[in-house]
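Q: Okay, handing you the structure first.
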Amino acid sequence: MSERKLFTSESVSEGHPDKIADQISDAILDAILAKDPEAHVAAETAVYTGSVHVFGEISTNAYVDINRVVRDTIAEIGYTNTEYGFSAETVGVHPSLVEQSPDIAQGVNEALEVRGNADQDPLDLIGAGDQGLMFGFAVDETEELMPLPIALSHKLVRRLAELRKSGEISYLRPDAKSQVTVEYDENDRPVRVDTVVISTQHDPEATNEQIHQDVIDKVIKEVIPSSYLDDKAKFFINPTGRFVIGGPQGDSGLTGRKIIVDTYGGYSRHGGGAFSGKDATKVDRSASYAARYIAKNIVAAGLAKKAEVQLAYAIGVAQPVSVRIDTFGTGTVAESQLEKAARQIFDLRPAGIIQMLDLKRPIYRQTSAYGHMGRTDIDLPWERLDKVDALKEAVK
């Protein structure tokens with residue numbers, strides 16, 4: 001009998017406490033970048049019952065009403081009812097933002113490559129905001145070149161949010177989680193969905209029977225293609241039996257605690273750095289986007305069925321210290337050729353990435369829920385396939 005394997009990924013809704021924090025951090029970043037594209041921002045957020053704390057380091061001359069940004073973001077998510085224990089108009093907002101360390105700023109503003117060098121390349125000016133390693137990934141399992149488990153998990157919670165905001169399911173509240181287990185065949189191809197777990201916050205009047213039927217009919221069967229569902233598929237919907245208390249009233253939330261949800265659902269490696277609240281000089285964010293950009297174009301070019309790109313940096317240095325590409329035996333050319341081509345085609349210095357992907361714009365709030373990678377509902381520059389021809393030509 002052929003060997004089959006299971007792989008599981010999860011996602012969370014925009015009303016999950018950690019995602020509320022991510023969205024507030026990125027909303028603050030966007031508000032600052034809209035007025036000062038050169039700003040350096042590292043905004044962290046903590047949320048819990050009735051309270052929001054915003055803290056971190058910022059270098060900018062722009063004025064932003066942090067209190068208003070926080071309240072508007074919470075309202076957009078759907079926390080507008082005091083019964084939820086966390087409401088846009090009544091929550092306490094406590095900002096504590098200070099200027100970026102001058103020791104860090106000197107390495108970011110003047111990279112090692114240009115110090116004392118009169119013949120400067122402008123793209124060498126910005127050094128990496130920290131040391132670290134970042135990964136990008138792509139696989140041909142879905143149209144968006146993402147692993148199927150995380151792609152489906154995101155779509156399930158996005159569908160819940162659509163039904164809640166449209167009023168089609170009136171008893172839904174903002175907090176929700178999804179988890180999808182996919183069965184793979186001996187060729188590592190997805191063949192069926194084995195298990196779906198959905199926990200969704202609800203009004204106290206809603207019955208378990210009503211929630212169960214609505215989630216199956218209006219969420220699971222609307223999102224997951226019927227070809228992946230059979231009579232053996234298992235559905236666990238609100239398996240605790242009750243989910244009325246949720247959001248920050250049920251759990252505290254913090255920026256950067258959903259890094260696997262933000263990326264590939266555990267299917268690929270992760271360097272450990274979070275994204276939200278950070279401007280593009282922070283390579284945790286910008287280099288992760290660049291790595292996804294490389295990986296996606298490699299797979300779209302037919303040079304591999306699966307590709308993982310690792311980039312690594314030293315603080316205050318512009319050029320990456322390493323570029324590594326792994327195609328897991330699916331490549332049509334040598335990995336060394338792909339690495340050479342990536343260095344030729346993609347400028348991987350922080351300033352090069354910022355220019356290549358136009359990252360000084362206020363585009364980040366939209367990425368802070370439902371994944372930073374593989375998005376088909378919004379136009380993100382690192383999801384474009386405009387380097388396919390160049391890669392094909394480079395490896396001839």
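Cβ from N, Cα, C; glycine included.
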Q: Which residue range, 1-11, 100-110, 375-385, is the one Swiss-Prot calls region 'Flexible loop'?
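A: Based on what Swiss-Prot states, region 'Flexible loop' spans 100-110.
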Q: List, in sequence order, those binding-site residues among Asp18, Ala176, Lys258 whose Cα sits within 10 Å of the Cα of Glu57 (L-methionine binding site).
A: none
Q: Using C-alpha positions only, work out which of the binding-site residues Asp18, Glu44, Lys282 is nearest to Ala176 (ATP binding site).
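A: The smallest Cα gap between Ala176 (ATP binding site) and any of the binding-site residues is with Asp18.
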Q: For Lys282 (L-methionine binding site), write down the residues of its own chain that are at least 6 apart in sequence and whose Cβ falls under 8 Å from its Cβ; none is a fine answer.
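A: Once residues fewer than 6 apart are set aside, Lys282 (L-methionine binding site) is near Ala42, Gly129, Asp130, Gly273.
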Q: Of all the binding-site residues given, namely His16, Asp18, Asp251, Lys278, which is spatially nearest to Glu44 (K(+) binding site) at the Cα level?
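A: Closest candidate to Glu44 (K(+) binding site), judged by Cα separation, is Lys278.
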Q: Could you measure the widest C-alpha to C-alpha distance across His16, Asp175, Ala176, Lys177, Arg242, Phe243, Asp251, Arg257, Lys258, Ala274, Lys278, the residues recorded as binding ATP, and give it to a whole number of angstrom?
A: 36
